[in-house]
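Here TrEMBL flags Arg82, Glu125, Tyr138, Gln206, Cys207, Trp208, Pro209, Phe210, Pro211, His212, Ser213, Ala255 as substrate binding site. Residues annotated as Zn(2+) binding site in TrEMBL: Cys112, Cys115, Cys130, Cys133. The domain 'Nudix hydrolase' annotation in TrEMBL covers 139-262. If you look up TrEMBL, you'll see Ala172, Glu192, Glu233 marked as divalent metal cation 1 binding site. Annotation comment: TrEMBL describes 173-194 as motif 'Nudix box'. The divalent metal cation 3 binding site annotation in TrEMBL covers Glu188, Glu192, Glu233. Annotation source TrEMBL lists divalent metal cation 2 binding site at Glu188.
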Amino acid sequence: MTSRWTTAVLDTDQPGGWAVARSPEGFLFDDNGALFPREWLKRQDLSILAEHGIGHLDGEPVYLLELRSTSEVPGCNWKGLRAFMLDGDHTIYKVLGYAAQIGTWAREHRFCGNCGQAMTQVPRERAMYCQPCDLRSYPRISPSMIVLVTRGDEVLLARSPRFVTGVYSTLAGFAEPGESAEDCLIREVREEVQIEVKNIQYMGSQCWPFPHSMMLGFHAEYAGGEIVCQEDEIEDAQWFNVHDLPPLPASKSIARYLIDVYVARRLGHAEPVLPG
Ligand SMILES: NC(=O)C1=CN([C@@H]2O[C@H](COP(=O)(O)OP(=O)(O)OC[C@H]3O[C@@H](n4cnc5c(N)ncnc54)[C@H](O)[C@@H]3O)[C@@H](O)[C@H]2O)C=CC1
Ligand SMILES: [Mg+2]
Ligand SMILES: [Zn+2]
């Protein structure tokens, strides 16, 4: 199966194609979704900060209009990226997730971090450039480890104070300079619940554009320790039996995939597929 969506650096001087608009309140949408004819969208009363050519959807060019502020467009509303992930077409969510990452990165790299002068978009390359410093800045991606720790029929799940009420998930955390993926995983599990792990196994990865994580998913077995929750970060953590699980994260998340795979293996069910 060929992919409906491929990223590309498109020339914004070319007319036509589709466009999405992103403001501080999310993406613009109407009854037909979040993609609008680009020339029509540019005639609306929008405060455009930057325009980026981001790729092709079903062979048609797609552009992002990154806005300074939210404005009223008749017949349209604004909706955050998370809502597009939770319901709707997964390919459109991929387009918007990529648009959000490019928009955020370009917005936050308008000035050179070395000399403070304005940077320019490099033609045909996804980079911002400072000529006096000959410095290129590329889109930022933050590697984050996510792990399901298990002990036979039990899985270790935790709650952050930021989660929806009642929901428990796998442990996760950002890699720090100097760490391997495994070092990071071991440190995060120690910090968050004071548990030791063994037999770390890589399960798969997922782009998580909130705002720029690359989730690397693992399974690990319990090796020792008693659960002690990290203050402020972890509200509660427990061992849950695979037959008696709490409310779990959204079905398209890698957190949910890691849990579902393990439960399927324990119960002898068919394994799920990780959403890209
Ligand atoms: N797709 C999925 O299923 C899931 C994704 N995640 C994502 O994983 C990432 C990490 O999870 P958390 O438990 O929140 O991380 P964490 O355990 O490292 O704690 C978050 C803290 O790390 C610091 N931080 C923020 N950005 C950072 C960066 N780029 N590098 C280093 N430190 C940074 C901040 O102090 C922040 O409060 C987040 O982006 C989160 O949204 C988390 C759980 C499930
Ligand atoms: Mg964490
Ligand atoms: Zn510079």
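Quick reminder: no glycine exception, Cβ is built from N, Cα and C everywhere.
Positions of the features from TrEMBL, shown on the structure.
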residue : record                               : Cβ contacts under 8 Å, 6 or more apart
Arg82   : substrate binding site               : Phe210
Cys130  : Zn(2+) binding site                  : Cys112, Asn114, Cys115, Gln117, Met119
Cys133  : Zn(2+) binding site                  : Cys112, Asn114, Cys115
Tyr138  : substrate binding site               : Arg126, Ala127
Ala172  : divalent metal cation 1 binding site : Ser144, Met145, Ile146, Val147, Glu188, Met215, Ala255
Glu192  : divalent metal cation 1 binding site : Ala158, Leu171, Gly173, Cys229, Gln230, Glu233, Ile234, Ala237
Cys207  : substrate binding site               : Gly97, Ser213, Met214, Met215, Gly276
Pro209  : substrate binding site               : Leu81, Gly97, Tyr98, Ala100, Gln101
Pro211  : substrate binding site               : Ala100, Gln101, Thr104
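For the domain 'Nudix hydrolase' (139-262), the DSSP counts in helix, strand and coil order read 22 helix, 52 strand, 50 coil.
Ligand 2 lies under 6 Å from the Cβ of the following binding-site residues, listed in sequence order from Cys112, Cys115, Cys130, Tyr138, Ala172, Cys207: Ala172. The Zn(2+) site is set by Cys112, Cys115, Cys130, Cys133; from the centre of their CB atoms, other residues of the chain with a CB within 8 Å are Gly113, Asn114, Gly116, Gln117, Met119, Gln131, Pro132, Leu135. Filtering Arg82, Cys130, Tyr138, Cys207, Ser213 by Cβ distance to ligand 1 (under 6 A) retains the following binding-site residues: Ser213. Across the domain 'Nudix hydrolase' (139-262), the model assigns an average pLDDT of 97.
Checking the binding-site residues Arg82, Cys112, Cys115, Tyr138, Pro211, Ser213 against ligand 3 with a 6 Å cutoff on the Cβ atom leaves Cys112, Cys115, in sequence order.
The divalent metal cation 1 site is set by Ala172, Glu192, Glu233; from the centre of their CB atoms, other residues of the chain with a CB within 8 Å are Ala158, Ser160, Leu171, Gly173, Glu188, Glu191, Val193, Gln230, Ile234. Just so you know, the Cβ of Glu233 (divalent metal cation 1 binding site) picks up 16 other Cβ atoms within 10 Å once every protein chain is counted. Cβ atoms within 8 Å of the centroid of the Cβ atoms of Glu188, Glu192, Glu233 (the divalent metal cation 3 site) belong to the same-chain residues Ala158, Leu171, Ala172, Gly173, Val189, Glu191, Val193, Gln230, Ile234, site residues excluded.
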